[in-house]
Amino acid sequence: MTFSEILDRVGSMGPFQYLHVTLLALPILGIANHNLLQIFTATTPDHHCRPPPNASLEPWVLPLGPNGKPEKCLRFVHLPNASLPNDTQGATEPCLDGWIYNSTRDTIVTEWDLVCGSNKLKEMAQSVFMAGILVGGPVFGELSDRFGRKPILTWSYLLLAASGSSAAFSPSLTVYMIFRFLCGCSISGISLSTIILNVEWVPTSTRAISSTTIGYCYTIGQFILPGLAYAVPQWRWLQLSVSAAFFIFSLLSWWVPESIRWLVLSGKFSKALKTLQRVATFNGKKEEGEKLTVEELKFNLQKDITSAKVKYGLSDLFRVSILRRVTFCLSLAWFATGFAYYSLAMGVEEFGVNIYILQIIFGGVDIPAKFITILSISYLGRRITQGFLLILAGVAILALIFVSSEMQLLRTALAVFGKGCLSGSFSCLFLYTSELYPTVLRQTGMGISNIWARVGSMIAPLVKITGELQPFIPNVIFGTMTLLGGSAAFFLLETLNRPLPETIEDIQDWYQQTKKTKQEPEAEKASQTIPLKTGGP
């Protein structure tokens, strides 16, 4: 008897699973807010140099740029005065007395003057946040395998609540970056534990639906953020607003049960049995739960218990050929998705459209995108869906090269389409990755995959700097990498309607069966080929 069959006995999709998925999904609303928070807390408004204290405030005091507006980073050394020598009339200097910002919003940019020579610090703040997610992946992955999924989930909620709230009271940009780094670390812990606890407590037949439901919560979070940002124009209060709720989520997480697979593989059979019986009671199958015994769990999951005695680590992802292929292809797909997604999602200001409206549109496209994704992964399969989502996104990004900046509507439409494809790609990847790696390596595999997505999101701002050389270079890089990620997906195994692999041997057997299935039609076709006679009758 497999774990899936044991889950069927206690209720594979009953009231427990609905409440379980709900408790895991609600905090994802806040994760979306944190990931995209700097769209609003780090907005760069129109600005120009503050004139010297003794200068007139008339517009002519400031030099004008090519667009007829005051220069953002320069001012005249001397006030225009006919009595000055001609060679000093047009002399300019940097903004020695600060800047004037044409905005009612209070952001980290306006508070710490992250403009002109300091404008790269704004991008650095976002990169530091992504670095936190990058570091948090392997750290919390290892801690989760050692101490369990549930305690790491709870502590990650607390860390995000504490560090996010502390960031709201930061006295300097450096302190702000430190707390944002910790926010990123905690988000990795939440994401990884949520994915594992979802797929391990939900039956195979509804796994795609539950995963997409959690993905939709991220979409709803994208709707909530612009409304919240519009209502709370002060960045400190906005930062505090999106962080405080995680104190409540940490309390609710105590109800979430530990992964049965982890309990069994860790030798905690009595706790695993009590957890299953509690689930059975909640699902109205108390009698079935009482029939289960520790001996039955040990007997039916003996294969898993034996494999648990062997310690697995990062090197095991490359030990056998099929795992090397899975790791390489998934890493490329994750990198491409994170790389391109955050180049579009964090570039809302670049399209010349109201950022509140455009963020709602960017969030809204996820609804049809994820709905189409769930239909596709449920009927066409994970591999085809993953491949085509990335290829379509790559085509949309490359198409931006040929659309002039004056055609804002078309450029925005292509960006929205590409972002929708990449959102669907994330939804598919979270499910696909958890299904491809065996239980003994699932958390490690998810951690490595998460790392590559975050590496991509960290590199994306640096790639945008290449646009100073030629405007089309960033889109060439983003689009090409996305096409490569989509192509890699076609080299993976299909997981549609298959139980989760428990051990490395399971995925090896699965790979051999797939090869054999492909070879049989070819052999049959060859055997049916009849050579033509060359002689006469």
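Any Cβ shown, glycine's included, is placed from N, Cα and C.
Features reported for this protein in Swiss-Prot:
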- ASN81: N-linked glycosylation site (CARBOHYD)
- SER4: phosphoserine (MOD_RES)
- 513-537: region 'Disordered' (REGION)
- 1-11: topological domain 'Cytoplasmic' (TOPO_DOM)
- 33-123: topological domain 'Extracellular' (TOPO_DOM)
- 145-150: topological domain 'Cytoplasmic' (TOPO_DOM)
- 172-176: topological domain 'Extracellular' (TOPO_DOM)
- 198-212: topological domain 'Cytoplasmic' (TOPO_DOM)
- 258-327: topological domain 'Cytoplasmic' (TOPO_DOM)
- 349-354: topological domain 'Extracellular' (TOPO_DOM)
- 376-383: topological domain 'Cytoplasmic' (TOPO_DOM)
- 405-411: topological domain 'Extracellular' (TOPO_DOM)
- 433-471: topological domain 'Cytoplasmic' (TOPO_DOM)
- 493-537: topological domain 'Extracellular' (TOPO_DOM)
- 12-32: transmembrane segment (TRANSMEM)
- 124-144: transmembrane segment (TRANSMEM)
- 151-171: transmembrane segment (TRANSMEM)
- 177-197: transmembrane segment (TRANSMEM)
- 213-233: transmembrane segment (TRANSMEM)
- 237-257: transmembrane segment (TRANSMEM)
- 328-348: transmembrane segment (TRANSMEM)
- 355-375: transmembrane segment (TRANSMEM)
- 384-404: transmembrane segment (TRANSMEM)
- 412-432: transmembrane segment (TRANSMEM)
- 472-492: transmembrane segment (TRANSMEM)
If we skip the immediate neighbours and take only residues 6+ beyond the ends of the transmembrane segment (12-32), which ones have a Cβ under 8 Å from one of its Cβ atoms?
4, 157, 160, 187, 190-191, 194, 197-198, 201-203, 205-206, 210, 213-215, 217-222, 224-225, 242-243, 245-246, 249, 252-253, 255-257, 279, 282-285
With pairs fewer than 6 apart in sequence excluded, do the transmembrane segment (237-257) and the transmembrane segment (384-404) have three or more C-beta pairs that lie under 8 Å?
no
I'm a bit unsure how to read this: which one of 177-197, 328-348, 355-375, 412-432, 472-492 has the highest number of Cβ pairs shorter than 8 Å with the transmembrane segment (213-233)?
355-375
Let me check one thing: do the transmembrane segment (472-492) and the transmembrane segment (151-171) come into contact, meaning three or more Cβ pairs under 8 Å with sequence separation of at least 6?
no
Looking only at the topological domain 'Cytoplasmic' (198-212), how are its residues distributed among DSSP helix, strand and coil?
13 helix, 0 strand, 2 coil
With contact taken as 3 or more Cβ pairs under 8 angstroms (pairs 6 or more apart in sequence), are the transmembrane segment (151-171) and the transmembrane segment (237-257) in contact?
yes
Mean per-residue pLDDT computed across the topological domain 'Cytoplasmic' (198-212):
77
Using Cβ atoms and a strict cutoff of less than 8 Å, what residues sit near the topological domain 'Cytoplasmic' (198-212) while being 6 or more residues removed from its termini?
4, 7-8, 12-13, 17, 20-21, 24, 257, 259-262, 370-371, 373-374, 377-378, 427, 430-431, 434-435, 497-500
The transmembrane segment (328-348) in contact with the transmembrane segment (412-432), cutoff 8 A, at least 3 CB pairs, sep 6+
yes
Which sequence positions outside the topological domain 'Cytoplasmic' (376-383), separated from its termini by at least 6 residues, show Cβ-Cβ distances below 8 Å to it?
208-209, 428, 431-432, 435, 489-490, 492-496
Same-chain residue ranges lying at least 6 outside the topological domain 'Cytoplasmic' (433-471) that approach it to Cβ under 8 Å:
123, 126-127, 130-131, 133-134, 137-138, 140-142, 144-145, 149, 188, 191-192, 195-196, 199, 207, 261, 265, 304, 307-308, 310, 312-314, 316-317, 323, 326-327, 330-332, 334-343, 346-347, 382, 477-478, 492-493, 495, 498, 500-504, 506-507
Summarise the topological domain 'Cytoplasmic' (376-383) as counts of helix, strand and coil residues per DSSP.
6 helix, 0 strand, 2 coil
